[in-house]
C-alpha cells in the first residue's frame, strides 16, 4: 500500500510528494518481498542462533571478524550485529532470486497461444508459480524490475513473416522481385545489422522504444495536430451538467484525484485479464507535468516532478489557475468558482495572444525558431514557462458540442473534429494532454502522442468521466457540490509582449494548420444494432471479426486490398509500447474473394474462420515480441548509423498504410454500469488519417451491444469518403454476422416434418 499523506497536515505538497515517492521506491525496490519481511528474516536467524545452531555455515563468524573493533560493544552485541548483517544480505539474495524467477516466469507466453477454454497443465502450473512469486498488494510500478526484455527476433523469421504479409498485395513479378531483395538482405547485410541490434538489446531495457519515440515522434517536423495527436470523447448520450464552469470543476478535480493516486502508486497495475499477467507501467510516469519542447532538428520531452496549477485558455487569454491552497487540494466547487472568475474576466487579449497556440499546431521548425527568438527571455519566457510547466492544459471552448439538436450525427462528427484540432489556436498541442470543456458542459481531451500510447490516456479518462458523474456529482441546479473558501486568490492572467514579426509567424503557422484541419473528413459511427455479444455467439474473436470486416469494407469501397496497420501493445515487456499487426493476410483475401465471388456459405464460413485464426495468431505474435515492423525499423536505423544502403529495408519502410486501425480497449469495466445505466456510454476516441489517400479507423467495443467507430480521411482525395466508408463497414459486419449466424429453420419444412411424423405415429 502507498503511504498515507493525510497525517502530514500542513507539510508542503512538494515535501509530501517526495516522502510518498521515497517510501514507494522502497516498497517497489524490494518487491515481491515487503519491508516487513526483513524483520521476519532477522528474527528467524536470531531464533535459530539461540538454539546454538549456525544457519550461516560460518558466515556470521566471518562478518564478526571484520567488524570494526569497539570497546563499547560486547561480544554478544557484535554477534547480534553480525547476524543482522547476514540476515539483510540473505534477505536481499532472496529478493533477487524471487525477482529473477518471476522474470523467467513472465517470459513464458505459451498461455496466449492455447485454445480459449482449454488450459494446459503447463499453463496451470505456470499460473500458480506466478501467483506465488508475485507477492501481495503490488503498487503501480512493483512489477517493473521483473518484466522481461523485449526479445530480438531472428532476421530469418522476420523476413519470412514479411514476405508472407506482402504476398496478397503484390503481383507474381513484384513478389518475386521482393523475395530476391529479401533473400539478399538476409544472407548478407541483415546478419551484420542484427549483431549490432543484439548488442543494444543486451544493455537497453527495450531495444525499440527509445528509437521509436525519437525517430517516429520527436524527429517528425510536420504538425502534431491531426498527424500525431489524438482525442478522447465524453459520454455519448449524457452531459452531467449544462454549466461549463461546473463541468470543468469536477473534471479538473477528478484529474487531480487520479494524479494523487498515481503519485502514491495506488493505481492497480494493468494486467492481462483472467491470468493477471502484469503489463509495463513505465508510460504512466509522464502523464502529468509533461511538455514537448520544439527543436529545429528534433523535439524533446520535459517532465517536471510536480505542478500545483493548470494553464487555462479562454477567449484568447491565458491564465494560471492554482489547484491547491494552504496545503490542500481545491474542492470541485472551489475550482468551479475559479473557472467562473476566468470566464467573467472582461479583459481582451493583447495583440498576438489570441492565436498564439497556433505555433504548436503548425510545422515544428518555425515554432522552434520563434520560441528561441521571441520566447527565450522576459515576460514571454515567464508566461511560456507557466504553460509548459503546468500539470496539464485546459481549454474553455465557447462552442457547444455533442450528439444533439436536429442533426445529431452531423454534430457528433463536428464534435470529433473540434477535439482533434479545434480552431487550430485554442489547444496547446505540445502539452501531454489538453482538457476541453465546452459551453454546454460537454468535455473531451486532446493528447500528445510521443510520451505514451492511447490506452494510458484512456485509463485516465475513464477514471475522470466516471468519478465526475458517479462519485463527485452535481447539485440539482447543476453546480459542483461542496463549499467555497472566501480567501482564494483569483487566477492570474498571463502577460505577453508579442512583436509584429512574431505575430506574422503565428499567422503563417495558423494558415498551415487551418489548411490541414479543413482537409480532414471525419465521421463518428455508433453501431447499436449489434456488438460483442452477437459476435461471441458466432465463437469468433471480436477484434478479428472487426478487422476482417474492415478488410471487406475496404475491398468493396476501393476494389482492391490494402496494406493494413493495426496497433498491438507490447507492454508484456519492460518499456514496451506498440507493434504492428498486418491485418491484410492471404487468408483474409481468400475469404473476401470467395464471399464476393458467390461461393457457398459453407466454403465462406470455413475460409472466414481460417482468416480469423490467422489474425489472432498474428496479434499474439505481435504481443509476444514476434512482430515484423519494429524489428525492421530498428534494422533500418542501424543501417543508417553504419552508412549502409539496403534496397530491401528502404522499400519496406517506404510502404504506405492506406488503412490504419486501432482498438481503444475499455480497461476499467467495473467503473461503468451498462446494464442499469446504458446512457452513460463512453464514446472512445480517434485520430487523423495517416495516408493522404487512406483511412484512419479507431474503434471501441462497449459492453455487449455496441461498437463505436471513428473514421478519418481527407477531403482532398477524391477516392475517400468517411461517411461512405462508415456505411460500408457497418454493411460488411452485418453481412459477416448473417454469414456466421446459424441458419434459422424453415417453418414450412418444419410443418411438413411434423405432419409426416404424425402420420407415422398414426
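Backbone N, Cα and C define each Cβ position, glycine as well.
TrEMBL entries are annotated by machine, without manual review.
Quantities reported herein were computed from a predicted structural model and do not represent experimental measurements.
When TrEMBL is compared with the stretches 80-98, 99-117, 118-136, the one noted as transmembrane segment is 80-98. It is 740-762, from the ranges 717-739, 740-762, that TrEMBL records as region 'Disordered'. Per TrEMBL, the stretch carrying the note transmembrane segment among 31-50, 51-70 is 31-50.
Residue 449 (active site, proton acceptor): 20 other CB atoms within 10 A of its CB, across all protein chains.
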